[in-house]
Amino acid sequence: MKPLVLKGIRPYGEGEPVDVLVRDGVIEAVGSEIGSTVEGDAEAVDVRGMIALPGFVDLHTHLREPGREDTETIETGSVAAALGGYTAVFAMANTDPVADNAVIVEHVWRRGQEVGLVDVHPVGAVTVGLEGKRLAELGTMARSAANVRVFSDDGHCVDDPLIMRRALEYSTALDVVIAQHAEEPRLTVGAQAHEGEQAARLGLAGWPAVAEESIVARDCLLAAAAGARLHVCHVSTSGTADILRWAKARGTDVSAEVCPHHLLLDDARLATFDPVNKVNPPLRESDDVAALRQALADGTVDCVATDHAPHAPQDKDCEWSAARPGMLGLQTALSIVVETMVRPGLLDWRGVARVMSERPAEIAGLPDQGRPIAVGEPANLVLVDPDTTWTVRGAELASLADNTPYEGMELPAVIDTVLLRGEITVREGKVNR
Amino acid sequence: MKHLLATEGLDVGTATTILDTAERLKATLLGREVKKLPTLRGRTVITMFYENSTRTRVSFEIAGKWMSADVVNVSSGGSSVGKGESLRDTALTLAAAGADCVIVRHPASGAAHRLAGWLAEAGTSVVNAGDGTHEHPTQALLDAATLRERLSTVDGRKVVIVGDVLHSRVARSNVHLLSALGAEVVLVAPPTLLPAGVRSWPATVSHDLDAELPTADAVMMLRVQAERMHGGFFPSAREYSIHYGLNEKRLGLLPEHAAVLHPGPMLRGMEIASRVADSPSSVITEQVRNGVHVRMAVLYHLLAGEEEAA
Amino acid sequence: MAPRNRGATDPAEPRELLSAGDVARTVARMAHQIIEKTALGASDAPPIVLLGIPTRGAPLAHRLAGRVAEFSGVTVPAGVLDITLYRDDLRRRPNRPLEQTSLPDDGIDGRLVVLVDDVLYSGRTIRAALDALRDHGRPRAVQLAVLVDRGHRELPIRADYVGKNVPTSREEEVAVLLTETDERDAVLLRRKTEVVS
């Protein structure tokens with residue numbers, strides 16, 4: 001493979017533009033005017049003015065394969081991920097059949113490698129069939145070819161405190177992390193929307209904040225007692241942020257993610273009853289949105305994860321209560337982080353690198369992702385045009401489904417180029433295969 | 001007016017016009033042998049009921065027929081709805097078949113709003129005949145018509161709504177309409193049957209029915225559905241009845257002129273004592289009668305005029 | 001450029017067909033005609049009911065009833081018959097509010113109903129009124145009294161009592177003003193204004 005010279009980029013959006021030489025998947029040199037020294041040998045890529053960040057890592061996607069290949073496949077999801085600037089994604093276990101055994105997780109891993117646009121890491125189920133009754137074979141999955149690092153029953157909460165305790169304890173021997181979908185099911189029977197003024201007006205059964213917060217508090221205590229690592233999926237309330245702050249202050253090994261939609265949208269969007277705004281956990285209040293932005297800025301919430309959830313039109317273009325929860329997220333994540341965090345001054349580009357790449361890679365234990373842009377480091381890179389805006393059109397997104405709540409919105413920042421281990425997966429916003 | 005989806009946001013002028021029309025229609029039809037007006041000849045009205053409701057469906061059907069519309073009833077039992085067809089496809093099919101107006105009752109909150117969106121292109125009007133636990137605007141309009149008739153006006157009157165506010169579309173529609181018309185609305189219920197965001201409603205909240213009755217001009221009893229009794233919302237039917245039921249003793253606390261309303265169907269002995277329901281204060285049969293005139297008025301204002309631009 | 005021609009021939013200027021005094025005299029004359037033609041007061045004459053068609057037929061009916069009572073000593077009940085629900089042009093116009101219908105307590109069965117309207121034009125309003133009457137009862141006979149007949153009938157309908165016949169073109173409109181609904185009594189002929197009401 002020919003070496004590449006990325007000309008005129010600004011790592012982390014800082015300092016003067018530099019050239020970056022990439023050879024054999026590794027950053028070989030960083031400096032000004034490298035291009036002239038390797039002319040002829042290397043392919044020059046003109047990416048002047050682009051901001052360079054480590055390739056993004058998404059701890060939370062739903063790629064729907066196997067089971068619902070009509071809405072997304074590992075291939076189409078990989079394209080969407082690459083176009084969104086990702087070099088690694090974690091595919092949740094709630095497929096059909098469930099990824100609760102080595103056969104399924106190895107299929108997902110191998111299929112992702114065949115597509116080759118992004119590393120697709122399968123998330124293993126914590127319990128058999130996501131039923132919350134019996135632990136799945138965590139060790140077998142961890143030691144399989146898929147090398148599973150993250151386990152979650154996402155979509156379901158591991159609500160039984162004894163099962164959750166056992167999972168946390170068991171995980172310590174495997175150096176893996178248990179990611180919890182925090183939702184006390186007894187408090188969300190029939191729930192359709194965030195419990196508050198809007199749900200009361202619209203006559204939608206409430207999903208109370210305390211259903212999330214009570215589980216997060218419990219799990220932080222269980223993780224501390226077990227000496228285990230806990231990851232909290234899709235934090236959605238200001239109360240959860242407070243609990244995380246408290247748990248971290250007392251030394252609990254807990255990490256947390258927030259979804260782009262919870263940073264941008266609130267339950268005022270529900271007035272139309274359009275289920276494109278239906279998601280689990282639900283869109284909350286504007287105060288929660290503000291608290292989540294603050295928590296992401298100060299590190300209480302570690303990272304951004306998309307909870308990318310493709311759904312078929314018939315499962316979204318219907319009445320609210322019949323619709324499935326979830327939204328597309330891979331291709332809009334960075335733009336929303338820029339809109340909600342960078343533009344208001346809550347994060348700089350180094351902060352974006354932290355929440356989109358470095359922290360998620362650390363949480364999942366990926367040694368070759370979220371690395372510094374420096375000589376000798378793997379060339380997993382995303383180049384962002386920060387000054388151009390774009391308009392979201394669900395039909396134009398790479399996913400098979402088109403359930404985006406951002407339809408018609410003009411958002412900042414465009415992904416221009418993505419490199420996975422030195423190979424160009426996206427160039428000028430188009431997938432390169 | 002293109003659709004009637006909710007009373008929240010319905011402007012006072014439109015609501016008053018509907019009530020005035022209903023009153024005129026009632027006067028016009030009073031004592032007539034032939035209760036038939038030619039006004040909606042050639043218009044097709046389809047009722048789509050995904051929940052059982054004899055009284056509301058029949059009321060709409062009579063309203064449409066008295067105005068000479070062709071009324072077709074679709075129920076989830078005897079149609080392709082029962083075969084799993086989506087609400088959207090059913091609605092588009094009925095619109096393509098020539099419906100000028102679809103009257104929908106559906107267990108999902110917001111179903112009527114969704115229908116209105118899907119039928120925008122076809123130009124079909126939508127009337128919400130009850131969507132989940134959201135709204136039931138014609139019930140509130142007929143309640144307002146009944147209150148106007150009994151109390152001469154709604155403005156300045158105190159209306160106490162008692163019972164399962166949390167799950168009641170009747171309560172939501174009445175809170176918005178009656179408060180817009182100038183009434184003081186008081187909600188009386190156990191805390192478990194009030195929604196979390198009720199404080200933002202244009203109504204006050206109380207847990208003491210006896211304290212509210214002496215100053216009430218009207219009291220509206222909501223039905224307590226059987227499934228709530230077993231859902232842990234309150235300890236027992238007996239305790240509910242003691243605290244929130246309208247018995248004869250409580251009827252005595254009401255001023256002489258006050259009206260007792262119930263949207264029906266009633267659970268006699270539970271939320272309302274049988275003698276109270278049959279007392280002179282009760283306007284429950286008037287509510288049913290006014291229901292037809294109010295629904296005629298709604299159909300008139302939706303369908304009789306010139307086509308509005310979509 | 002020709003000087004602007006002011007006065008009656010300017011089509012933009014409303015022309016007064018009847019003054020306030022003319023209106024009063026016309027109503028009085030119509031009252032006399034009704035008394036005479038219906039043989040009011042005679043032993044074999046049917047009881048009469050005057051029914052005005054809103055908006056301006058209603059006050060006209062009451063004025064006629066007053067004049068009839070004054071001239072004949074016989075009290076003639078007057079009422080209002082709203083025909084909105086019977087119109088054949090509902091779908092061509094914006095939604096209209098209903099007017100109050102008020103029939104005399106004894107109803108209209110067996111009576112001679114005199115419909116009263118301000119202007120007779122296409123005849124469609126009267127057709128709607130006849131339909132409405134049929135739903136309210138079975139009069140012995142129906143007659144029609146109008147303040148102005150402006151021609152251009154589209155249905156085989158004619159008035160029994162006409163205050164004034166006015167030849168008009170379709171580009172013109174006849175406006176009847178009555179103090180009960182307007183500022184003054186008058187009948188004007190003017191160029192049709194763009195879609196009103």
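In case you wondered, yes, glycine gets a Cβ from its N, Cα and C as well.
Because the structure is a prediction, the values reported are computed rather than measured.
Within A:HIS262, A:HIS311, the residue that TrEMBL lists together with A:HIS62, A:LEU63, A:ARG64, A:ASN94, A:ASN280, A:PRO325, A:GLY326 for binding substrate is A:HIS311. Among A:ASP154, A:ASP159, A:ASP266, only A:ASP154 appears in TrEMBL as part of the Zn(2+) 2 site alongside A:HIS181, A:HIS234. Take the Zn(2+) 1 site that TrEMBL assigns to A:HIS60, A:HIS62, A:ASP154: the candidate from A:ASP298, A:ASP302, A:ASP307 listed for it is A:ASP307. Checking Cα-Cα distances from A:HIS62 (Zn(2+) 1 binding site) against the binding-site residues (A:ASN94, A:HIS181, A:HIS234, A:ASN280, A:PRO325) with a 10 Å cut-off leaves A:ASN94, in sequence order. When the binding-site residues A:HIS60, A:ARG64, A:ASN94, A:ASN280, A:HIS311, A:GLY326 are screened for a C-alpha within 10 angstroms of the C-alpha of A:HIS234 (Zn(2+) 2 binding site), the residues that qualify, in sequence order, are A:HIS60, A:ASN280. The Cβ of A:ASP307 (Zn(2+) 1 binding site) lies under 8 Å from the Cβ of A:HIS60, A:THR61, A:HIS62, A:CYS233, A:HIS234, A:CYS259, A:HIS261, A:VAL279, A:GLY326, A:MET327, A:GLY329, each on the same chain and at least six residues away in sequence. Residues A:HIS60, A:MET92, A:SER152, A:GLY155, A:ALA179, A:GLN180, A:ALA182, A:GLU183, A:CYS233, A:ASN280, A:PRO281, A:ASP307 surround the recorded Zn(2+) 2 site, their Cβ atoms falling within 8 Å of the Cβ centroid of A:ASP154, A:HIS181, A:HIS234, which are themselves excluded. Mapped onto three states, the DSSP output places A:GLY326 (substrate binding site) in coil. The Cβ of A:ASP154 (Zn(2+) 1 binding site) lies under 8 Å from the Cβ of A:HIS60, A:MET92, A:ALA93, A:ASN94, A:VAL123, A:ALA179, A:HIS181, A:CYS233, each of these being in the same chain and 6 or more residues away along the sequence. Spanning the listed substrate site, residues A:HIS62, A:LEU63, A:ARG64, A:ASN94, A:ASN280, A:HIS311, A:PRO325, A:GLY326 have a farthest Cα to Cα distance of 17 Å.
Cβ neighbour count for A:ASN280 (substrate binding site): 19 (other Cβ atoms within 10 Å of its Cβ, all protein chains included). Highest Cβ count within 10 Å among the binding-site residues A:PRO325, A:GLY326: A:GLY326. Per-residue pLDDT, averaged over the domain 'Dihydroorotase catalytic' (A:50-237), rounds to 98. Mapped onto three states, the DSSP output places A:HIS234 (Zn(2+) 2 binding site) in coil.
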